[in-house]
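TrEMBL has this to say about the protein:
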- 64-183: domain 'ABC3 transporter permease C-terminal' (DOMAIN)
- 17-34: transmembrane segment (TRANSMEM)
- 61-85: transmembrane segment (TRANSMEM)
- 105-138: transmembrane segment (TRANSMEM)
- 158-182: transmembrane segment (TRANSMEM)
- 203-225: transmembrane segment (TRANSMEM)
- 237-260: transmembrane segment (TRANSMEM)
- 290-311: transmembrane segment (TRANSMEM)
- 464-487: transmembrane segment (TRANSMEM)
- 521-543: transmembrane segment (TRANSMEM)
- 555-576: transmembrane segment (TRANSMEM)
Amino acid sequence: MFSKLAFKNVGRSMKDYGVWFLTIAFGVCLFYVFNSLETQAVFQYLGSGPQAPTAQAIRELIGMLSVFVWVVLAFLILYASGFLIRRRKGELGTYLLLGMERGQVARLLLLETLCMGVLALLAGLGLGVLAAWGLSAFTAGLFAVPMTEFTFSVSLAAMGKTALAFSLIFLLVMLCHAFAVSRCRLLDLMQARRVNQELKAQSLGVSVVLFLAGAGLLAVAYAMLLTRGLLRVDALFWVMIGLGSLGTLLFFRSLSGFLLRVCQSSKRLYYRNLNMFVLRQFNARINTTYRSMTVICLMLLLAIGITASSVGLNNTVEQMTAEQAPQDVELIFYPEQEGEVDLPALLAEGGFDPEAECAFSLAVPVYRTGEERAITQSMHDAIAGRWGQDAAYAFRAHNGLAVRPDDAAQGAHIDGWYFLADYAGDKYAAEARFQEALSTLDTLGVYGCTTRIGTWMEVMGTKVLVLFIGLYLGVVFLLASAAVLALQQLTQAADNAPRYQLLARLGAPERMRARSVDIQVFLSFFLPLALALVHAAVGMTAANAVIAEVGKVDAAASSAVAAVLLLVIYGGYFLATCWGSRRIVRGG
């Protein structure tokens, strides 16, 4: 009987579970995507080459971050479960009134949670498999992995880890449900919808003072950030953070009186449709929600700032690589025997034929006269002709080389040889053959080698670490912000349902009532986001100034990624909240 009733309740309350379901599905998807990286074919390929340390560092970091993410998601889901209990207090009271024991009610909630949890887990895993494929393709593109190495795979280990992590969360939810039911009195459950919150109004003068104080503190914090920069972490840095946080708090605290009076100054706007009702409802709620709106605004700032800054490093890393390694290969060889050395022939003996493998190659002898090491003018011109004057100058400066006329080198002692080249065709295959060919030089002398791919992988490792951390944490903060806002609005919609029913009896049409609900939800979602975008714009200005010191700022790409995440996650929660709130005020 309990199973039948539980399944029936799940079907009937599916819309009430919407935000809870969405939060778990997004959380499962995110958790699976990043924990499945190590089993993806792309990462297995990366882990078998010179970039193996980078791949290992990414795996370890993701593992540590996953613990933090699990804690955040656990609190979110428990918060959402509290809303469900509050929403269904009247129903639970009816069960007790009809003679069910508290243990039976707790058992019923356990079965419902288990059913919805399994559905959300399956939906999240399905979405996560698709998202993991997209992230693997993205990673393959970052590292220029050959597409033959990119195959679709499903990580059973990550699925098991995800299922275990969220099973623990579901267990916590069930325990909380049982605890809540055991402590509730029947009278409290039956009168839950009649309990109103006592609200206090705030005068216009106080609101104006708070608004001006908040704006002033934010202006000071912005000025400190832009003049001092982002990297000076000292006592004043924490003062700046404190001023910005306090200014944000005062800004939202001032809205309870300031926003209403501003709108009242326009009679046409204030008395249009149900705007008067909407503004007074929002004004009353801001007195108790300004603290949470401050926290949500700061979390949105972290989500936008971390995501945009991490993606913005893309072109900077590309430029740094091009400057550090203009050639595909730079090999220095000091032979044990004096005299001419045919370095290309030695490499060909080892399986790397420069004539076939390279689009351009150059063997450069280094002459020593006393303490000076030099190359000839013709060799310098050849380097400059292929890679540019800046690259030729950097090559000489890095290796401590002078340039002498060709005739001055006649009969001079050859100290060593440089081999500079650009690969032709498949660079990764050519790189592998070149590394194998170097073994032929082991018994002939001493050598050192730098390749563009090796340098690129080292720099790219830093980039991918920052990028993955940014995306992981950015999505978590964004998910947390949107979920908390959605649950707050659904709770307020449940509290306001009797008032909307009164408006319906007074003759307000359904469309007008639905629009007023959407406006309240929009204000609650938009105001923290608007201030967070202002914070992020100032913060990104300071961050871009740091990035610009070492390379090009990719503002368009970073803004696009942040916008897509906002649209998908924040926008998805906004639409789900509008839909759920409409249903609640209709009495659904």
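A Cβ is built for glycine as well, from the same backbone N, Cα and C atoms used for every other residue.
Away from its own ends, the transmembrane segment (521-543) comes close to residues 222, 225-226, 229-230, 244, 248, 251-252, 255, 282, 289, 293, 296-298, 300-301, 304-305, 308-309, 312, 481-482, 485, 488-489, 555, 558, 566, 570, 573-574, 577-578, 581 of its chain (Cβ-Cβ under 8 Å, at least six residues beyond either end). Looking at which of 105-138, 203-225, 237-260 has the most CB pairs under 8 Å to the transmembrane segment (290-311), the answer is the stretch 237-260.
Between the transmembrane segment (17-34) and the listed ranges 61-85, 105-138, 203-225, 237-260, the one holding the most Cβ pairs under 8 Å is 105-138. Counting Cβ pairs under 8 Å to the transmembrane segment (158-182), the top-ranked stretch among 61-85, 237-260, 555-576 is 61-85. Within its own chain, the transmembrane segment (61-85) is flanked in space by residues 16-17, 19-20, 23-24, 27, 30-31, 34-35, 37, 92, 113, 165, 168-169, 172-173, 176-177, 180, 465, 468-469, 472-473, 476, 479-480, 483-484, 487, 490-491, which lie at least six positions past its ends and keep a Cβ under 8 Å from the stretch. Beyond its flanks by at least six residues, the transmembrane segment (203-225) meets 236, 239-241, 243-244, 246-251, 253-258, 261, 538-539, 542 of its own chain at Cβ-Cβ distances under 8 Å. On the 0 to 100 pLDDT scale, the domain 'ABC3 transporter permease C-terminal' (64-183) averages 74 in the predicted structure.
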